[in-house]
């Protein structure tokens, strides 16, 4: 009997020990998967913000998660529950495969499909992760904001430490345009979460949130990130009146409305003022033009060329010979091809371009000219005036000379025209997955465009898709963009709508999805939000308001 009890005790102990070990093993495995998921998401958001290398690493980790980690049965069940949404998200990738049927350049088409693999891997990989908990999304968004903060500090260090910084390359590892739309997304989400949770936030978090919002907005301005500034401004212009019209009027509403009107008015006043300063002729032109320089030489007054900059006509009251001689005397070098830069720089300072005014230039001015700075306003750091004046000059140059080289805005118009020509020739099905670049380049050259052999695409994602896949492809593309939020119940969710607004507007002037950072920005955040719609709604239960 005692032996029987002893055996029973040993058996129970063994079973208990075995069960405990299995539970511990399962728990450890679950914890490892949990931390792997967090690490994968952090690497993905850091890559979207800062690094193509990290983007590729994130895609690899999602692939590993999909293939090697977790139960295939559980993954299949999750796929079945959201199969409609997944099929729609994968449709744009499969459109590229179908587009191989009528393409001539199969090799380039296959390469294009490889480049677009993120549209296949990311949705399936995100869906393979079990419902992403709120805490993981919080950690992921925190990592995203931290990555952007690191990027802005990196960019500012390069801006301050260089006398002639390249604003497009302040963060060498990523595109300045893509970085700016990431900043806009972060600003809009942080602002919404701050307002929705204001009463429950600690003073430290409130201070930190406001500081980050102000810093990110300031960074957009000081780096002249026009795409980001325009998208943020458009969103606020549209959203704030809508918000105020929906809410019950109170003291805060009137304060916000007043601030909105003042900010909008001041922006308009500033734009009008700068436009007038640039295009309104100097009062010196109200008098008869001088014909002699202080040295007694003849001024060149080319009245037929009406290029104006900073209120001064570039080719009025200038003496080319005096400027060339003065430059050589002061620098010991021939001015050569930089003469036009010298002329424009002097014109930005004074309506008179002669030896006397040249001698008034400082050593810093000479250094600016040597470095290709054509307008003194361009040297202003932490200001939008330089970016605005470049646009004004390019507009005026196009009007007077027809030149578009050097103007990204005018080049876009030319590229859009070229896209329209291609669309007319291939309206229904487009040119196919592999023929876009060749057909686009050939059409530019055949139309004697100034952008012949430039290698540019259309700088408009909608036109890119229309040219490549025709009207039918464009319809599929628009369905791919607009249907998922309705299916997932996020069509009125603030966070998703802010994200969609940024993407849709950016695609008007950029080939957003033809750049790896742009592709990842869209498909990663869309997949996370769409497949975890319930969790996303917990962050903004009030929807649009």
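Backbone N, Cα and C atoms are what each Cβ position is placed from, and that goes for glycine too.
Curation plays no part in TrEMBL annotations; they are all automatic predictions.
Features of the protein shown, as given by TrEMBL:
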type: DOMAIN; residues: 395-478; note: domain 'O-antigen ligase-related'
type: TRANSMEM; residues: 84-101; note: transmembrane segment
type: TRANSMEM; residues: 113-129; note: transmembrane segment
type: TRANSMEM; residues: 141-161; note: transmembrane segment
type: TRANSMEM; residues: 176-195; note: transmembrane segment
type: TRANSMEM; residues: 207-240; note: transmembrane segment
type: TRANSMEM; residues: 252-272; note: transmembrane segment
type: TRANSMEM; residues: 462-482; note: transmembrane segment
type: TRANSMEM; residues: 494-513; note: transmembrane segment
type: TRANSMEM; residues: 520-536; note: transmembrane segment
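If you look at the transmembrane segment (462-482), the same-chain residues 6 or more away from its ends with a CB under 8 A from one of its CBs are 88-89, 91-92, 95, 99, 416, 419-420, 422-423, 426-433, 436, 439-440, 500, 503-504, 507-508, 511, 513-514. Over the domain 'O-antigen ligase-related' (395-478), the average per-residue pLDDT in this prediction is 92. Same-chain neighbours of the transmembrane segment (141-161): 41-42, 45-46, 48-50, 167, 170-171, 174, 179, 182-183, 186, 189-190, 212, 215-216, 219, 222-223, 381, counting only residues six or more beyond its ends whose CB sits under 8 Å from a CB of the stretch. The transmembrane segment (494-513) and the transmembrane segment (252-272) are not in contact, since fewer than 3 Cβ pairs between them lie under 8 Å (pairs 6 or more apart in sequence). Scored by C-beta pairs under 8 angstroms, the transmembrane segment (113-129) has its highest count with 84-101, from the stretches 84-101, 207-240, 252-272, 520-536. In this chain, the transmembrane segment (207-240) lies in contact with the transmembrane segment (176-195); the count of Cβ pairs under 8 Å, excluding pairs fewer than 6 apart in sequence, is at least 3. Sequence-remote contacts of a segment are chain residues at least 6 beyond its ends whose Cβ falls under 8 Å from one of its Cβ atoms, and for the transmembrane segment (520-536) they are 41, 44-45, 47-48, 55, 58-59, 82, 85, 89, 118-119, 122-123, 126-127, 131-134, 137, 140, 178, 181-182, 185, 484-485, 487-490, 493, 495-496, 499, 503, 512-513. For the domain 'O-antigen ligase-related' (395-478), residue counts in helix, strand and coil come to 54 helix, 0 strand, 30 coil, using DSSP.
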